[in-house]
Every structure is written in C-alpha cells, then in structure tokens.
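Asker: I have a structure I would like to understand better, so I am pasting it below and will then ask my questions one at a time.
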Amino acid sequence: MGSSHIPLDPSLNPSPSLIPKLEPVTESTQNLAFQLPNTNPQALISSAVSDFNEATDFSSDYNTVAESARSAFAQRLQRHDDVAVLDSLTGAIVPVEENPEPEPNPYSTSDSSPSVATQRPRPQPRSSELVRITDVGPESERQFREHVRKTRMIYDSLRMFLMMEEAKRNGVGGRRARADGKAGKAGSMMRDCMLWMNRDKRIVGSIPGVQVGDIFFFRFELCVMGLHGHPQSGIDFLTGSLSSNGEPIATSVIVSGGYEDDDDQGDVIMYTGQGGQDRLGRQAEHQRLEGGNLAMERSMYYGIEVRVIRGLKYENEVSSRVYVYDGLFRIVDSWFDVGKSGFGVFKYRLERIEGQAEMGSSVLKFARTLKTNPLSVRPRGYINFDISNGKENVPVYLFNDIDSDQEPLYYEYLAQTSFPPGLFVQQSGNASGCDCVNGCGSGCLCEAKNSGEIAYDYNGTLIRQKPLIHECGSACQCPPSCRNRVTQKGLRNRLEVFRSLETGWGVRSLDVLHAGAFICEYAGVALTREQANILTMNGDTLVYPARFSSARWEDWGDLSQVLADFERPSYPDIPPVDFAMDVSKMRNVACYISHSTDPNVIVQFVLHDHNSLMFPRVMLFAAENIPPMTELSLDYGVVDDWNAKLAICN
C-alpha cells in the first residue's frame, strides 16, 4: 500500500478562507460577486481563472508539471517501503510539523442526555494533507473493510442508543426523537472520541474499505467514514486557506437533485455549483467562483477525480433517504450558464471513470423496477413469482437464467418451523404475559424476561444480539404494533431465490436491508436428538441451529469507546440448543442462503409462541447495511472446504 501527496508548495501565498455554503438550501447573499455578462457567460470563468493565476506566484517547476501532466500527482515516484513519495523537484514534499496526537476523551453515559451540559475539548481539525492510497492488496483491503464495518457498527449502535434514551425519557407514547438529529449527535460524539476514519488525512480517490455500491442513511455517516467531509455542503474540498499553494481542491460531491439545473444521466452528470438558493430551494441570485465552485474548477484543471455519492429518496425504517457511493468521476468540463430561474450558475460535466463496479444507484433503481414490473427489465429467467404460494406476506421470486434447474419448486414451502407434536400443549400451562395495553415499556414483564431491556428499537431493529429473545406471545395484552413483536410478523422484505454459478442457489433482497433488520425465519422440520440420530444414519443431511456462528456481531451495541462508564450487559445462560432441522422435503427461502465465513446475516434465537428453551425459533437479521441484489450469506459453523449450504440445495 502506498500514499502519494498532492504537490502543494508552502511558499505560495494562500488565498482568503472560503467557507462552503449549505447545500441544497443556503442563505441569500447580499452582494453579488459579478454582473451577469450580456454576451458569453463562459467568459466569466476564463477571466476568474486568469486573474487567479496572475495573482499566484507559481514556480517554473510547478508550472511545467501542471501544464504537461495536467495532474496534481507527480509522475516520478520514489518508493520507500509502502509509501510513495513524490519527486522533490515538483515541490511536492512539504515539511509538516509533528503535533502530538490528542488523547481520546470518552463521554460518560449521562453526557448523552441533552439536559447535561458537558465542556468538551475542541475536536482535532481535519488534516490539510492530500494523499491517494495506492497498491492496496486483497489482505489489506480485507482489513480496511473490517475496520469500516466496526466503525459503522459503533455509529449505528450509538445512534440507536441515543434514540432509545430519549424514548425512555419521553415514555411510552411520547414524542419520538428525530432520526437525523440523533444521527448528527452520534457523529459528533464519535468525532470527539477520535473515531472518525481518515481524519488525519484527506484522501483523493477511493477510500480503502469503502466499496462502490455501499449504502448509508445519513450524511453524518459519510463524514464518519471519511467518504465526504461535510454534513451539509454538497462539495467537499480543501480550502485555499489550508492549501499550501492557495488553491482549493475538491475531493467529493453529493448529487441529490437539490439544484434545479442538475442533469443526472448516470455515467454523465451535469453538476450545478453551490450557492445562490433561497430557503425554498430556488435559485435566487448568481453563483460565484469561490469555495466549492472554485475547488471543482481546480480539480478539473489538475485532472483530480472526485468521489460521487448520490442521495436518493427511499422510504425505509431508518430514514427517508439513502446515500449510495457510486465511485470515481472526472470533471471534464466547466462553464458558466444562465439557469432555469434566470440567474448565473456554474456547471460541471462529470464523467464516470471506466472499469469500476456497477453503480449502486443503478442497482437500486433496477431492484425497484423488479418489485413492480420484473418482466420489463428481465424478460427471461423468471420461473415463478411466488414459491411460497401465498404463505408469506410478500411474494418470493425464483430466477434462473443459467440452466433449466427448477429444484426449489419441488419442495413444500414452510413459512415457520414445524416443532414436535405436543410441544405447545405442554407449555400452555406455563404461559405468562404482560398487561401492557399500549405496548411494552419500562417495568414490563416481557422487559424483565429480556434481562431488563427490550431487544428492539421502535423501528423493529435489533439493538444487540442476545443468547435468547423473549417476544410477546398470545398471553400478552399488548397490541400487534408492540415493538416486542418483530419476528412473529413474518417476512416483510422482498426476497429472490436465484441460480448462481458460485453457490448453486442463492438468495438476495430486492429491498435495502439496514443493519439489525429482521429478514426471515430459518424454517424446517424440528427434530429431537433421537430423531436426528436416526436420520443421520440414513445419510440425510440436517441443519443444526447450534452450529450457526455470529461471532462477528458480538460487538454490536458495545459503546465502551464512546461512553467511558458503559458496561456491557450480561445475560443468563440458556440450555444448549440441541435440536436439528430436516429440510429435505419442507423448507423456506432461508434454506437457500449460502455459507460464508464473512457473512452479512446473523442468527438470533427467539421465543414467542411457546416457552421451551430447548426449541427456540431460528431468526435471521442483517448484520450490516445490505444493498439490493447483494447475495445473503450465513456462517453455518462448518469448515471452509465443506460443501456450500450444507449440500441442502444441490
């Protein structure tokens, strides 16, 4: 792995500090920076660029590199271990004074309350050092990806913790906390605790560990990842006042349709500069060549690519929008034009760099169409549009465009696990439930069963994994809307079983699955130990729930890096889960989920219709944010060379 520094010369005079305006809504500016030309508006850009260059004392070496390479990255590199240092002739090597790293200062649990005013140290400012990370091998990428996963896990856990703390203060039926407000609070707390990624550098190009197609639900989450450094501005850039040569450089943009003159064509984007809008999102005055607008022009001049994140309206249980990382684009042209409202705006033509994975926004739109009109985008390959035959709340598609195999149609679909006869009769006398008419809350019997905390938030998201979750059952007085009734409501997201060259059969979702979201039950015919031994001797392959591994999710809900006095809750041990499931004749969609030691789905044991600790239901939850059309995977707790999916499906 290497990093290359942008050639910035500290001897050059910096320009005044340029503060980015909020996007898409900004305050109106009182003074115009220019008068709209009567003839060619594009001449304004040439004039502004010319004046900027004349006022800047460039060295001859720097001019030579800039004009010949059209790039801010030097072509000659000296290799020192894993760091690529630019040729000193370009003026790129800038001595940086070593400042001692500030110590992390975790909050106390009481600091999460808005009623507690705590004086916090001023967070460390972002670095002004621009680098590009190169030569990331598979193992390094895996480590970066794991670091991203853990950081996102802390962010999601903290955001939900803050939401639940406010809900406790407001009581059952009280005012709910604003999701975006707590998202910002969680981001700020992680910044104060030095948990933001890549804050010690500004990365140009790809962020190691962040993949094209990754989905985020809040702008602050983009900041935590280092993908986009400003929670409100649509253009993230290094300001001229921080740049050693006085030139701002853009590193990423958010395309959210906030400007009326934007034109998004997928691989090509006509991006409107920032500024000049009123509170209603209408262009109310001319834009100026400053801040992010100037940074975009400078990145175009030097050939520096920018990361593009698209913000899309997408109703879900977490927020009303999603942000999708769509990869790297180059700014190939810029001009000044008259916008739809008659005011001058800067426009930039962005073209996607070839050779990248398919854009996540395109996949998202494709999956939306599959849910409503699948044959319009996939005229061949669909075998059945509901293999559950109406037993699930939503249809389960079956798709195969590889061969003529239709095996999933030959099994009886089982929406829930079938337990041994008499189990429910034996347990009915021991049934006990809550009397929460409006839904479970503090002091509830079901809360006590779950070690003093309900396992889900008010959106039905799993707060943290437990050995066993007791959901409300038939003996409880709470309504179906109770937040302690999640898995018993059944399948809610659209799933598709598909033929795969790698795994035989696989499962993917047509919906966005956020971390902690319930997916479905893993259903089959439950067998006692004695029954399982007999079938095993006959050569039948069984599924053993106790073998499922969810070790990668054990840290979910651990906030010890943010809250100094946080104590991880302890839960009572449960008897070993000692039953098997036969799926040779009856099964559901979950049985086609592939095996992986790096899964994106976890197993959670749940009870709701009986009290036998020996026979919990096997429920599946998303272990991370899963984009549409991404294959789901489970860790079946078997060795890597073992046949995928326990040889169930092939």
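Positions of Cβ are set from backbone N, Cα and C atoms, glycine also.
Sequence annotations record features per position, and here Swiss-Prot assigns Zn(2+) 2 binding site to CYS434, CYS446, CYS472, CYS476. If you look up Swiss-Prot, you'll see CYS434, CYS436, CYS440, CYS444 marked as Zn(2+) 1 binding site. Under the heading Zn(2+) 3 binding site, Swiss-Prot lists CYS440, CYS472, CYS478, CYS482. According to Swiss-Prot, the feature compositional bias 'Polar residues' maps to 107-118. What Swiss-Prot records for 205-352 is domain 'YDG'. What Swiss-Prot records for 432-490 is domain 'Pre-SET'. Swiss-Prot lists 493-637 with the feature domain 'SET'. Taken from Swiss-Prot, the feature region 'Disordered' covers 1-24, 95-129.
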Asker: Take every residue in the domain 'Pre-SET' (432-490), average their pLDDT values, and give the whole-number result.
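Answerer: The answer is 91, the mean pLDDT of the model over that range.
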Asker: Taking the recorded Zn(2+) 1 site as CYS434, CYS436, CYS440, CYS444, identify the other residues of that chain whose CB atom sits within 8 Å of the mean position of the site's CB atoms, giving them in sequence order.
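Answerer: Checked against the 8 Å cutoff, the neighbours are ASP435, GLY439, GLY441, LEU445, CYS446, GLU447, CYS472, CYS476, GLN477, CYS478, CYS482, ASN484.
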Asker: Just to be sure I understand: of CYS434, CYS444, CYS446, which binding-site residues have a C-alpha no more than 10 angstroms from the C-alpha of CYS482 (Zn(2+) 3 binding site)?
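Answerer: So the list reads none.
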Asker: Quick check: of the binding-site residues listed here (CYS436, CYS444, CYS478), which one has the Cα closest to that of CYS472 (Zn(2+) 2 binding site)?
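Answerer: When the Cα distances are compared, CYS478 comes out closest.
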Asker: Roughly how many Å separate the Cα of CYS434 (Zn(2+) 2 binding site) from that of CYS478 (Zn(2+) 3 binding site), to the nearest whole number?
Answerer: 7
Asker: Beyond CYS440, CYS472, CYS478, CYS482, what residues of that chain have CB atoms within 8 A of the centre of the Zn(2+) 3 site's CB atoms?
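Answerer: Residues close to the Zn(2+) 3 site, other than CYS440, CYS472, CYS478, CYS482: CYS434, CYS436, GLY439, CYS444, CYS446, CYS476, PRO479, ARG483, ASN484, ARG485.
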Asker: Given a separation of at least six residues and a C-beta threshold under 8 Å, show me what packs close to CYS440 (Zn(2+) 1 binding site) in the same chain.
Answerer: CYS434, CYS446, GLU447, ILE454, CYS472, CYS478, CYS482, ARG483, ASN484
Asker: Please identify which of CYS434, CYS436, CYS446, CYS472, CYS482 has the densest Cβ environment, defined as other Cβ atoms within 10 Å, among these binding-site residues.
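Answerer: Most Cβ neighbours within 10 Å: CYS472.
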Asker: Return the count of C-beta atoms lying within 10 angstroms of the C-beta of CYS476 (Zn(2+) 2 binding site), excluding that atom itself.
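Answerer: Taking all protein chains shown, CYS476 (Zn(2+) 2 binding site) has 22 Cβ neighbours within 10 Å.
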Asker: Looking only at DSSP and grouping its letters into three states, which state does CYS446 (Zn(2+) 2 binding site) belong to?
Answerer: helix
Asker: Can you give me the same-chain residues 6 or more apart in sequence from CYS444 (Zn(2+) 1 binding site) with a CB-CB distance under 8 Å?
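Answerer: Correct list: CYS434, CYS436, ILE454.
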